[in-house]
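Asker: Here's the feature list from TrEMBL:
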type	residues	note
BINDING	Lys14, Tyr161, Val162, Glu163, Tyr164, Ser165, Gly166, Gly191, Gly211, Asn212	sn-glycerol 1-phosphate binding site
BINDING	Asp16, Ser42	Mg(2+) binding site
Amino acid sequence: MLPSFYSDWKHVFKLDPDREIDDDALEAVCMSGTDAILVGGSSGVTFENTVDLMSRIRRYEVSCAFELSDASCGVPGFDGYLIPSVLNTRRSEWLIGRHVEALRDFGHLLPWESVAGVAYLVLNPDSTVARLTEAEAGISNAEAIAYSQVADKLWTVPILYVEYSGTYGDMDLLRDIRAALQSAQLIYGGGIDGPERAAQAARFADTVVVGNVIYDNLAAAIATVHAVKEAVKE
Ligand SMILES: CC(C)=CCC/C(C)=C/CC/C(C)=C/CC/C(C)=C/CC/C(C)=C/CC/C(C)=C/CC/C(C)=C/COP(=O)(O)OP(=O)(O)O
Ligand SMILES: O=P(O)(O)OC[C@@H](O)CO
Ligand SMILES: [Mg+2]
């Protein structure tokens, strides 16, 4: 498989266009040595707040990708675009329905060479994304592994995202999902509050995403970069 814009990502910071970040904090994040900034959120993302955040990140050399979760937010100028689908949603619109409508209407505008689909497994029932998409987050570990295998082995998705947004996940499950995958890049995100948890997740995930702690404890967030880069993958 040809390498893509996300293939080398070990550590990623996720910035939400719907949240405030001052210039000093943004500089610390962009100059931290992270592999990329991923712009995205599950609610309150608009064309305007996305353009605003992208243009501020563009002052720095760091790669910058956008997670497109609303068809009205097709902002050009990112290095790459991730398009999420939720595997364990009860509503097919979040798996495929909205995507079909968006591609029908706007697909001709997409820079396809810089686009990748992402299969999300949403596992924190209290997260915004779980509520929004009515995800069946309380599934057993065997079911979570089966979902992952459907995405990876049957559908050959490029990226599987194990999403615990807002809480730290089950690392034994992450290990077992890792072991069950054939080719998908494994992204982990959720509840990483500093270097220890970041290093643990990096043992099993190809890519570790750090989000909310940027806004809650910037120093702890910055420390996750080194922790992930130095972690030994199992
Ligand atoms: C030039 C250019 C780029 C043109 C683009 C043209 C265009 C718009 C083409 C259409 C492309 C397309 C197929 C778009 C998909 C449209 C769509 C609506 C897809 C649905 C996506 C989806 C499943 C959304 C649900 C939410 C989700 C999974 C979001 C991902 C990000 C995420 C989970 C963030 C975490 O959320 P957060 O807010 O941080 O949560 P917490 O509160 O818990 O922290
Ligand atoms: O905000 P946190 O809990 O770090 O989660 C990161 C990311 O997976 C959210 O989509
Ligand atoms: Mg968030």
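For all residues, glycine too, the Cβ spot is worked out from N, Cα and C.
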Asker: Please check the binding-site residues Asp16, Val162, Tyr164, Gly211 against ligand 3 and give me the ones with CB under 6 A, sequence order.
Answerer: Asp16, Gly211
Asker: Relative to ligand 1, which of the binding-site residues Asp16, Ser42, Val162, Gly166 have a Cβ found under 6 Å from one of its atoms?
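Answerer: What lies within reach of ligand 1, judged by Cβ under 6 Å, is Asp16, Ser42, Gly166.
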Asker: When the Cβ positions of the binding-site residues Lys14, Ser42, Tyr164 are compared with the atoms of ligand 2, which fall under 6 Å?
Answerer: Lys14
Asker: Would you count the other CB atoms within 10 A of the CB of Lys14 (sn-glycerol 1-phosphate binding site), including those on all shown protein chains?
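Answerer: The answer is 19.
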Asker: In whole Å, note down how far the CA of Lys14 (sn-glycerol 1-phosphate binding site) lies from the CA of Ser42 (Mg(2+) binding site).
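Answerer: Roughly 12 Å, rounded to the nearest whole number.
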Asker: Report the largest Cα to Cα distance, in Å and rounded to a whole number, among the residues Lys14, Tyr161, Val162, Glu163, Tyr164, Ser165, Gly166, Gly191, Gly211, Asn212 that the record lists as binding sn-glycerol 1-phosphate.
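Answerer: The span, Cα to Cα at its widest, is 17 Å.
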Asker: Given the binding-site residues Asp16, Ser42, Val162, Tyr164, Gly211, and counting only Cβ atoms in the protein chains shown, which has the most within 10 Å of its Cβ?
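Answerer: Sorting the candidates by Cβ neighbours within 10 Å, the top entry is Val162.
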Asker: Just give me the nearest neighbour of Asp16 (Mg(2+) binding site) among the binding-site residues Val162, Tyr164, Gly166, Gly211, Cα to Cα.
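Answerer: When the Cα distances are compared, Gly211 comes out closest.
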Asker: Please state whether DSSP places Gly166 (sn-glycerol 1-phosphate binding site) in a helix, a strand or coil.
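Answerer: For Gly166 (sn-glycerol 1-phosphate binding site) - judged by DSSP and reduced to three states - the answer is coil.
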Asker: Including all protein chains shown, what's the count of other C-beta atoms within 10 A of the C-beta of Gly166 (sn-glycerol 1-phosphate binding site)?
Answerer: 16
